[in-house]
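Swiss-Prot annotations:
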REPEAT    3-45  repeat 'WD 1'
REPEAT    52-93  repeat 'WD 2'
REPEAT    94-135  repeat 'WD 3'
REPEAT    137-180  repeat 'WD 4'
REPEAT    181-221  repeat 'WD 5'
REPEAT    222-262  repeat 'WD 6'
REPEAT    263-313  repeat 'WD 7'
């Protein structure tokens, strides 16, 4: 039996940790985004529980909450978005912004890179989805048939044979877009509350969505249909598929739920102990999740400004 064990924490942000990005190019580096308006490049040392790594570089420039961050496939560049209405492209070696993307009229909530890193998609509280090139030029704004409320999350499919974008929003909808013509391919109905997260499986065949209603809904991207629903039991703030196991992870309130998708059963439920004796102290919520490229380590960002690091271990049963 496989389970998850808490290995350590990363302390450095002064605000909620809104997103975490990892890269196969450098397993000792992760990047995190925060409501403290910064991004931190972490050097992982894996020393012990209290010192799993240290902040190597702090990237500053956004003047409001940083809501999302992604790494380029070579691990050299990062792309972030913020409630300051902009996106930024960062050269990580130099720790500087090389390009600012201006065009959204309200907070930008989500950003993603296409598989070849040539296209960028962003979603905003202005209810639009924008496609950009790496030079910071907006090539297309999806408005026809777009979300009628905030666009909370946008993701590209990693499958280059089926070039699509998946988005979700506060209108309870999951939408699948044809990347070739930016036209709507499928509307997925079923959620009963606003959506926070959508994620595409590593092979591009499935996507999962979640939000206020606490359900993780799985959709077949090839057939364009609903497959099944998993009960998260609390508001879902983040979702991610394991890169090498048939697992889906959901950040649901203070917990992280991990499902085996073949069995549709819970592999593990991760909850950090509440520190503090006061009965009022509520456990922090988990709001971001990222797997290491090898699928052995799960990084989780919380509203107590910490990143907690969990590792896959084998139990003796």
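For all residues, glycine too, the Cβ spot is worked out from N, Cα and C.
Long-range Cβ contacts of the repeat 'WD 2' (52-93) within its own chain (Cβ-Cβ under 8 Å, at least 6 residues beyond either end) map to 7-10, 12, 15, 18-26, 29-35, 37-46, 99-102, 104-113, 115, 117, 120, 122, 124, 132, 134, 136, 309. Shown for the repeat 'WD 1' (3-45): DSSP residue counts in helix, strand and coil, namely 0 helix, 28 strand, 15 coil. For the repeat 'WD 2' (52-93), DSSP puts the residue distribution at 0 helix, 26 strand, 16 coil.
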